[in-house]
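Participant: Below are the features I grabbed from TrEMBL:
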DOMAIN    4-379  domain 'Major facilitator superfamily (MFS) profile'
TRANSMEM  7-30  transmembrane segment
TRANSMEM  42-62  transmembrane segment
TRANSMEM  69-87  transmembrane segment
TRANSMEM  93-117  transmembrane segment
TRANSMEM  129-151  transmembrane segment
TRANSMEM  157-178  transmembrane segment
TRANSMEM  199-220  transmembrane segment
TRANSMEM  240-259  transmembrane segment
TRANSMEM  271-289  transmembrane segment
TRANSMEM  295-317  transmembrane segment
TRANSMEM  329-351  transmembrane segment
TRANSMEM  357-375  transmembrane segment
Amino acid sequence: MSKQLITLYFNIFLVFLGIGLVVPVLPVYLKDLGLNGSDLGILVAAFALAQMVISPFGGNLADKLGKKLIICIGLVLFSVSEFIFAMSSNYTLLIISRIIGGFSAGMVMPGVTGMIADISPAKDKAKNFGYMSAIINSGFILGPGLGGFMAEFSHRLPFYFAGTLGIAAFICSIFFIHGAKRQTTDGFTHFEPQELAKINVKAFITPVIITFVLAFGLSAFETLFPLYTADKAHYTPKDISISITGGGILGAVFQIFLFDKFMKYFKELTFIQLALFYSALVLFFLIIAHSYWSIMLISFIVFIGFDMIRPAVTNYFSNIAGNRQGLAGGLNSTFTSMGNFIGPLVAGILYDFNFEFPLYMSIAVMLLGIFIIFVEKTIREKNKLKKVDNKA
C-alpha cells in the first residue's frame, strides 16, 4: 500500500475519531453552558446544513484547484472548529464552530474520495473504498471510548485532542500527499435539459422518499442519544462511551459478516422493512426500560438495525439507478443530508417537552417507512400483473 493511501486513510481515521470522541461529553458540556435538547438539535442541524451546502462546491474545487489543497484546507477548518468548541463559553461560538466543522467535512470527504479514485488502479478501486468505509467505522467506534476516558479528566479535553489530531493529519498531508497524475474531472458542469429528460424520474421517487424518511428518523434518535441516556439513566460520559462503542462494534460485526448473507435471502425492500421493524421494536423497549443495565443492553443492540438499514438503502438506490450511478449517489447524499438537517431540529424541540418524545417520533417515522415500502411493493406487483395481461 502506497504512502499516499496510508496518509489518506490516516486523515479519514483521525477526522472521524475526532468526531466520535466528542459524542459522550456533549451532555455534560451542554449542561455546563445551560443548554437543552433544542440547542443540541440546532448544533447538529447547523453542521449538517453547512456540509450539505459546501459539499458540491468542495468536490468541484477539489477537481479544479487540486485535491491535496482542499484536503489540507478542510483539515485546518476541522482543527479550528474543535478548538473553538473547546474554548466556547456561549452558544453563538458553538454554532460558529459547528458551521466551520460542516464546511470541513464537506471539503475533506470529496477531496479524499477523489484522491483515492485518482491513485487507485481500476482493479483495486472497490477494495480501497471498502477500506475507507471500514476505517471510518473504526474511527466512530474507537472515538467515543477514547472521549469517555478523557472526560474523566476534563469534558473540554476531547475537543482539544480532536483539534490536535486535525493538525497532525494536516502535517502528514503536506509531506506525504502528492498530486495525482490522473484527475477525475467528469461530472455535471452545466445544466443539460436534454440529459435530464432521459431520466426516469418516477423510478427515483420511492427511494428518495425512503432515504429522506429514514435519515430524518435515524438522525433524530442518534443526535439526542447521549443526552437521553444522561437524563434518563444518569449516564456519565464513560457510560455513554461504553454504550456507543459496544453498539458500534456489534453493528460493524453485523455489517461485515452478516449483511451480504441477509441480502442473498431477502430483496432490498423486504430487508429494509424487517430492519425498520426491528429498530422500532428495540426503540420501544428502550422507552419502557428504566434500569442502568437494561438501557445499556438495549443501547448495544439498537444500532444494529440502523447499521443494516443504511447499506441496504444505498444498495437499493444503486440497483434502481442502472447506468445513472452518479445521479443516484447525488440524490442519496442530498436527501440524507436534508433528513440529517431537519430530524435533529424537530427532535430537539420535542425533547424539551419530554425526553421520550423523540423516540416516539422515530418509531412513527420507521412505521411510516414500512408503509411506504408496502405501497411501493404493491404497485410493483400490480404493474407486473398488467404486463402479464398485456402479453396474454
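Cβ coordinates come from backbone N, Cα and C, glycine included.
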Participant: Where else in the chain does the transmembrane segment (240-259) make close Cβ contacts, counting only residues six or more beyond its ends and a cut-off under 8 Å?
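Facilitator: Sequence-distant neighbours of the transmembrane segment (240-259): 20, 23-24, 27, 134, 137, 140-142, 144-149, 151, 225-226, 229-230, 295-296, 299-304, 306-308, 311-312.
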Participant: Cβ pairs under 8 Å with the transmembrane segment (129-151): which stretch of 7-30, 69-87, 329-351 has the most?
Facilitator: 7-30
Participant: Is it the case that the transmembrane segment (157-178) and the transmembrane segment (329-351) touch, counting contact as three or more CB pairs under 8 Å in which the residues of each pair are 6 or more positions apart?
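Facilitator: No; fewer than 3 Cβ pairs under 8 Å.
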Participant: Is it true that the transmembrane segment (7-30) and the transmembrane segment (69-87) have 3 or more Cβ pairs under 8 Å, skipping pairs fewer than 6 apart in sequence?
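Facilitator: The answer is yes, given that the two segments have at least 3 Cβ pairs within the 8 Å cut-off.
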Participant: For the domain 'Major facilitator superfamily (MFS) profile' (4-379), would you mind checking the mean pLDDT of the predicted model?
Facilitator: 81
Participant: Need a quick answer: max count of Cβ pairs under 8 Å to the transmembrane segment (295-317), which of 69-87, 93-117, 329-351 is it?
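Facilitator: The stretch with the most contacts is 329-351.
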Participant: Is it the case that the transmembrane segment (42-62) and the transmembrane segment (357-375) have 3 or more CB pairs under 8 Å, with pairs at least 6 apart in sequence?
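Facilitator: No, the transmembrane segment (42-62) and the transmembrane segment (357-375) are not in contact.
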